[in-house]
Every structure is written in C-alpha cells, then in structure tokens.
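Enquirer: What TrEMBL records for this protein is below:
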type   : residues : note
DOMAIN : 135-269  : domain 'Nrap protein'
DOMAIN : 272-415  : domain 'Nrap protein'
DOMAIN : 423-567  : domain 'Nrap protein'
DOMAIN : 589-774  : domain 'Nrap protein'
DOMAIN : 777-935  : domain 'Nrap protein'
DOMAIN : 952-1107 : domain 'Nrap protein'
Amino acid sequence: MTSSPAKRRKTDHSDGAVLSDAISAAVRQPTTFVLETAELLAESRFDYERSLEGVDELLRRLKTSIEAIETHEAIPINDAAKKLKKAHGVIVPFPEPGPPKDSNYKLAFSKPAAFNVVGSYVSRTMVKVQEDHAVDMIVVIPKEVLQEKDYLNLRYFYKRAYYAAKFAAALQIEFDGVADLTFESLNDNPLLPTVSLKPRKGDYRIRVIPCAPDGYFPKQKLGATAGLIRSGADDDKKAHAPTPFYNSTLKADGSYVPYLRVLKQAEKSCPAFKDACMLGRIWLRQRGFGGAMSRGGFGHFEWSVLMALLLQTGGRKETAALSPSLNPSQLFKATIQYLAATDFLKKPFILGSKEEGLEAIRESGPVIYDAPRQLNLAYKMSSSSGFLLQQFAKWTHALLNDKSVDQFAPTFITKVNQPALMFDLNASLDMPEDYAEATGSREKLWTFGNKVHNVLKRALGDRAKLVSVHTAGLPMWSPRDSQRLASDSTVSIGILFDPSNMSRTVDHGPPAEEKKEAEKFRRFWGEKSELRRFKDGSILETLIWTGSTPAELCEEIVRYILQLHLKIPTYSESLTFYTRGFASLVGKPTDAAAFAGARAAFETFEKDIRGLEDLPLHVRQLAPIAPELRNATIEPPAPGSPKHAPKPMDVVIFFEASGKWPDNLAAIQRAKIAFLLRIGTLLSEAKTNITTHLGLEDAQLETQNLAYLDVVYSNGVAFRLRIHSDLEEVLLDRRTKDKTLDQHLRTESATLLANFRRLYNHLPLHNQMIRTYTTRFPALSPTIRLLKRWFDSHKLSSHFPTDLIELLALHIFLAPHPWPQPSSPAVGFLRVLLFLAQWDWRSEPLVIDTSSYSNDASDETLSKVDASSAATRLEAWRNLDPAMNRVVLLVCTPGDPSGTSHTTLDGHPSPSKVVAARMTALARSATRVVREKGTAIGLPDAGRQLLFVPALSDFDILLHLNKKALKATSRVYEHDDPNDVEPHHSSGKFKNLDTRTGEMPLPLATHPARLLLNQLATTYAGPLVFFQGSEDDATIGAIWNPLVSRRSFRVNLLGNYKPVALAEGRKRKVESESESSGEEEDDLVEVDREAILAEVARIGGELVERIVVKGQ
C-alpha cells in the first residue's frame, strides 16, 4: 500500500524504518555501481561442471556406502569406541570432555533417516575466488538411536561423533586411492566433527555432516538461559550455569532442512536473491569473515539466511523489510545498511514474531534471533567479531553514500582484512598453559580470546575505536589420530585508536565520594589507581602513564592490564607487539615543538616585515610556502649553527595592487630586485639581529624571476623572500595568447606563466591546506614525513615535488575507504604504498576532494573538484600527448582543478613516465612484502630494513660522491666583499679568538650535490635518467632511458651518439636490397655510453669519487 500524498507520514525511527530509507536511497543511486557489480558477478560465476567434475557420482557412491554400513544394537559407549578402533583403526572424535571410563551411555547404529545436499552447491552461489569449494551432504541420524534427554551432558554429540566415525570407517575403504579422508570440526566448532573427502583429481571437498532430525529436541528446553551441561545425581533439580553456545549448536544441528526451505522460498520470490548472496560472499571474504568461528562466525550462510528473512519480515509492523523487486546491488546495499544500523550487540534483534521475552534470548555476545526457528544466527560470533562486522558495515555504508569516490573497488576488490593496514597496534598473545588446563572446555581458546577482548576494551576506553581479537582455526586430523583441538594457541590482537585520545597520559576515574564506583575502578586497575587532588578541588581516582609516544603509552596500558587480569608477565615472550617497525623513522616527541617554533619564527618575521614604514607599497600578505611551515619535512626545522649554513624557509610577499609596476616583464624583474634590496636595507636598519643577502636565481631568461632575499636571524632561523607582482601574471597571460608572436615565444611564456601560478597562487594555497589538515588529522604530518623518507630512500624525491608527495599522503586521509582515516603514521604510510601500487595513473587522475571537510561553504577561493571533469581532462591530455612528454600524472586539487601545477616544473612532467613507472614498481614490491610479512612488518626496525633499503642493483650507473669534497664545497664563509672567494684562515689562533666565531653563515643558493644532479639531468635528459634522494645523499643512481633506442641519424640529436656497426651478413643483404630498390638505408646511431660516462666524470670533477657501472 502507498500512503496518501496529502498526508505526511509520521517519522519512524525503528530499524525497519531505517532499512526502508536505505532501500529508497539505493534506488536513487547512480547506475555506475550497478553496472560494475553486474560485471563482477559475470566474472565471478563458478563453473560447476568443469570445476566439480564427477561430484554427483561421488555423492551417489557416498550415499550407497553409508547405507551399506552394518547396523548394531546399543552397546556401552567405551566398548563401541574400542571395537571401532580395533576393527578399522578409527578413533571416535568425541568432544571434550569425553565420556568417562565408567559411563553407562550406550551407542547404537541404524541406517540414516535421510540424505540431503545443502549449501552453496545446491543454491549455485559459489564464486571463483573463494578459498575452499566444498559440497555439503547432511546425513540425518535416525530417531530410534536417540533418546529424549540426549540434549544433556553432550550425549547427543557423543552419538553424533560415533556416527561420523562409522562413516569414516566405511568411506576410507570405499574411497581408498580415490580421495583423501580426514576429520574436521565444522565451522571450527569442536562439538561438530565432520568427515571430509578431497578427491585426488579435483580441487574441491565433500563434507559428510551427521545431523539431528528436524524438531527432535524440544526447543523450549534449549533456550539461551538453560544450563544443559550438568553434574550430580539429580540433573533436573540442580541449577547450572547457562550454556548458550552449546544450546544453539544443538538447535542449529537440526535446522539444515528448515533453512534449506527458507532459502528456496527466497530464490523463488526474489530473482536477484542468488546474485545478492554472491555479492555478500565476496564482501565478507574481502574482510576476512566466514562461517567458521576463527573467521568471525558470520559467513555466506548467515548472510543468505539474514537476507532471506528480511524478504519476509524485519520491516514496519513485521512486514518484509526488503522488496523482492530489488536488483542485486540494491539488496546488497540494504543488507549492509541493516548491519550498520542495527546494534545487535547491546539489544537482541528479532526477526519474526516471538513468544519468549528478551531475557530468554539475551546472550553475552551478538544476537540475531530467528523467531520461527528459535535460533540465534550469530551464535558463533564473539563480541569482538560482532563489533568488527558492524564497523565494516558502517564503513561500507559511508562509502556507498559518498558519490565523490570510487565505490566499487573499496567494496569488493580491496583486501580489507590486512591488520598492518588496518590496526594502529597489532600484538600476539600465547594462551598460558595453566589457563587452558584450568578451563578444560571445548572452546577454551575462544573463551580466552573473549576474556582478552573484554579486558582490553574496558581498559582502553575511549582511546580505542575498535578492539579486535582473533583466534586460530582448528586443523583437520586423520581418523586414526586423536582430535587436535588447536595447533595454534595464539590470540591475535588488533586495536584501532582514536587519535584525539590515544596520547592522553592521565586518566580520571570516579570521585572519592562515589564509593561503589571508586571501588569498582580500583578493583579493575589495582595498585595503578591512586587518589589525587586537582586544582579545582576535586579528588579523583587517577591513572598516570609514562609512555613518551602514543604507541608506547598504549602498549604500556595493554601490558599492565593483561598482567593484572590474565597473569601475563609484563615483558613476557608470550606477548609480542608489532608497533616498532617504523619507530626509528617517524620522528621524536620533540618534533612538534620544533615545528611550532618554526611557525612562531615566521610570525615574528611577518611582524617585522609589516612593521617597516618606508616601503613603497603596503604589504597585503606574507604567504609561507616552505614545507617546514606546514609540518611536512623529514627532519624538524632547527636553527642553524656556525658550522652549517642555515636552510631558508620560502615565503612569498604580496603587496597591494598598484599601477607603479613597469609594463614590461624584464623591467618588472629588475624592479623586484630593487624592492628586495630596499626591504633588506630597512630590515637591517630596524633589527640588529637580522642579516640580509640578495641572491640570484639560476634564471635562463630575463623575463623570469631573477632574485630573492635571504633574511637570517641571529638565532639561525632563515627565510627566503620572493615578491609577487599581479601585473606580471597579466603580461604573461597576454603573451601566451598573442597569436602575433612566434610559437616558441608563446610556449616560453606559457611555461613562465605556469611557473608563476605554481609559485604565487598554488603553493600558498597548498601550504594553507596541508597545515589545516595536519591539525585536523594528527597522523597526517608523520605520515607525510615517513612517505618522504621512503621517496628519499629509493632516490625518487629528486623527481617528485615535495607538494606532490604531500598530496599523495593527504589523499589517504580524505578518501580512506574502505577503512576510516589512519590514526598512526605506520598505517597511513602503508596505505599510501597500497594506493600507489594500485593507482593506474595512465588512465586515472588523482582527485583531492576536500568538500566533505570544508567548514566554510562560502569560501570561494577553493572550488570543488569534479571527478568526471578530471577524467575528461586526462583523456584529452592522453589523446594530445600519447607519449606523455608533457603530462604524466594528473593531480587535481581545489586550488588547481587543471591538475598540472603539482606535477609539472618548467614545462616538463615531474615525474617523467619512466620515474612514475619506477614509483609504481617499488610500491608494488613494498606492498607484496607487507602482504607476505603481515603484522611482522611492525617488529622492531623490520619496516626500515624491508621497505627503506634502496635496491642499488637496479641502477645501471652509480655515482659515489666524495663526501669530503662535498663538505668543503658546501662550506660558506662570511665576507665583506661578495667577490672575495679566498677563505679566511685562522691557523695559529684559538677558535675563541676568531672574530667570526658565532656569526651565522648565509644560506646556500643550491646544495652542491643537487646542483651537480641538475646539471647532469639537464645535459643528458635524453639517454640517462638520474636519481637522488635528499640533498645529503652521497650516491646518485642512473639508468639508461629505455625509451631511447637505436634510431636513424638526424641533426640536433640530444646527447652523444655513435654509428651502429652492422654485421657483415646483414650489411651485404642491406646493400643488395638497396641496389634492387634504388634506395639507401638511413644510417643508424645509438647512444655512446662510454663517451657520456667520461663526460659525466669530467663534469663531476672532484665531487665524484668513483663511478660504478652495472656488470663491470
């Protein structure tokens, strides 16, 4: 029914209302996602006939073999087990604790009541990418071998295990040499041993699952509050602890056929149901979820049943929450919305009409209660996996609501379940042997994991957004061996921190007046809790932590609380943390103060500039463009010393608009020089602690910026000032569009205009944006610094503008899907590497969209970046420049929608195509290492050793620079006369008598190593590609450009070439062909590598210590 349009329906905030709203939203979604999911489904469909060849025949043989097993009357349980072992060598896989030696239980074997094939093979919802293709055949245990109270004290499970052993005994004979037979615990549930057969000629398994008859056990006695594992003489009268897991396992073991009917009904009523189930399977797999308890206890079966039930109920007034007319994508989105919006951890979510009260079905873990069948679908889930599933659903739901990003790949393609890329703290904890012995139950490791999760979640509080605890699965075992409950007793811990709270060193508890709460607090925290009085007069229970970094602080908390509650020694080898892999590379706690000091120094500089009174024009703005002033340098800014030249921080000064500027580009540059000299004079006169120096740019044209002013304070802080002229941009734009000029002049002007806009327009906006987001995202600054160190280590940073590297890091924070924003630098860095490994920059632009985080909607200085326009622009560039000689990477930002300001310098792409390809290759190699090592990448210094050591063997040439000559060349002396190049010697004098001691040397225009690199790169831009890391990198790598090959000789070839000597046979053949055709073959030339290397050595001079050539 549809409501009347004249009346406004009352808002309903129930789960059904939320789900209905999600469905409506799904219908309005763009079709791109639908088309991509349709293509994914087509590619993922499983070929049953080819991949499961012969399975039907095997199933028939299985049924025949089981039906042929000899029946027998009831005999004592221990006698039956011994007889089976003696006759066939099969050990009955009784669950723990096994039947006592003096047990009166008896076992009988009768022909199974029914056989049925269930699961994905029947519903045809397998996909190619799933790890294990299994065909499930259930075998119903006949009622005559069961008794009314077999639900008590594991009696039914003993009989079930005996049936499984009888099946194994018969099948190992029938399928000897055809298939390998093992036992496995169904879904890691030790109560449910199952026979598994793997054909030797196929890549699949058949699982033979004994099960209870439908409805045999009274479900009213199997409620969550019932205690069915009892001891003592009178089982019925003695009160026992609830056994919800045991009870749900009993109910589930008799529910195969009922749920088969539910799924069949959904398939008939909803044509898209199967495809939606396949999408759900892929989504769960990418997040590490499956039906096994070790994989979260929520897999394809639970997803399918949940969606089938939502097609029947779950909506308003118990109507269907999902419409059968929805397509697969819409069904998937609606189910994701349900999982995200429903908190089934705090309150049981009930599907259908129930007769029991909430207390009768409430459990300590998640509850998704199927009322008609009275089963908690989430009974295999722990609190940890339930919360993790909900978080995954919330992150996916947020992604599907964000139309500005790619929704498909993060949802279905990206492997989300990578702890190193997901959790800020990863650790492993071995279960103590005494804990296992004391527990002695079938789910002891699972119980231990739950205990760890609950303790850590309470201890970390609002420091942690997510605490995940993962336990290992149960292995398969031979029927001739005893059951192995766990080959790995290790618990994996993953913690996702809240960056705003993770660094808190003082925790406040309840006040002393609240005695009950204070007592609970002290009981949980032990001697760590102490009463303290604060300035406001309050007396609170308080915790003081001593960790110097957020990672160390949180590690301290985890160690202490595990020792207190689980008796894990504080520095036990059984507890391993994986948080120190990049500790030596990230920085120090004092770095924040150093960056703040640089910012304070800039504010002082700005104040000094604005305080000058005799300037010809009024200062409108001083814009910092140096990475030191946006918290983005590898090493924190530090004032210089008399031993080293200070490193200046770039600043751009803007004046009020004026008509006094000359109407000529060359004259404007000279006017700037005069202006800078005037500023320097005024500063020196006004401030005695300032030294200024006019420096000249390495300019090739008189129309480009010619000079800058270095301003050095006595404390070593230095700034490099450049002047902006608004008329300069107008004149350059006019020359670019003037069709009366020669083409080379217009191209030259276009390059100068692009450089002007980058320096004066885009870099100030970029600096402001990065500084804003380093404040918003605490992990952004150390992530940028770690990423720059990686670029430096692999000698890539000489090709990548520093602002481009910063944008690559920022992108991971603005578009973090399928995860939330990184909370630690290691996670942020590894995600950037993953992005670089997957980014197809040849056909995909990078769009930095800040619209979701903008606080000021009226800000017109930044425009929203349109992803479709960026894609169109990149396609146009590729059509115009297929060789990528002008544009390689397209990175569009709010300040530069064109996408080229951060990726081109002086009219050339930065990086080039060759360098960009190397970046991708290195990122893919690093990502592969992270995938192989897993959380071990976080072991002390493991990240540095595995990811930050350059592969020097990849380079064709290595130039090893002379460190002594480099140091001597970079030494700067104070002179009264700038033309005096002779150094002042103070030999024979004490240092403290040298009049220059304590005076700050002037900044270098360009570091000598970088100057050499620039000279070589300019001279041999064609045949050689040079690589260097930071300016202090004493090794320059080079590769022969693979794009420069043998070619026909022509004039003005760039570089040094030599003729190619043809082989005699080929030469005669060419001569004969030339004579017959009357044509001559062009002379071929190739790069003269030996001559180029000799020239490189000559140019480098004393700076080059030796040249190493690959293969020599």
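Cβ atoms here come from the backbone N, Cα and C positions, even for glycine.
What TrEMBL says about a protein is an automatic prediction, not a curated fact.
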Enquirer: Would you kindly check 135-269, 589-774, 777-935 and say which stretch has the most C-beta pairs under 8 angstroms to the domain 'Nrap protein' (423-567)?
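Expert: Most Cβ pairs under 8 Å with the domain 'Nrap protein' (423-567) come from 135-269.
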Enquirer: Is it possible to list how many residues within the domain 'Nrap protein' (272-415) are helical, extended or coil according to DSSP?
Expert: 73 helix, 12 strand, 59 coil
Enquirer: Of the residues in the domain 'Nrap protein' (135-269), how many are helix, strand and coil by DSSP?
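Expert: Per-class counts: 53 helix, 27 strand, 55 coil.
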Enquirer: What is the number of residues in the domain 'Nrap protein' (423-567) that are helix, strand and coil, as DSSP sees it?
Expert: 58 helix, 39 strand, 48 coil
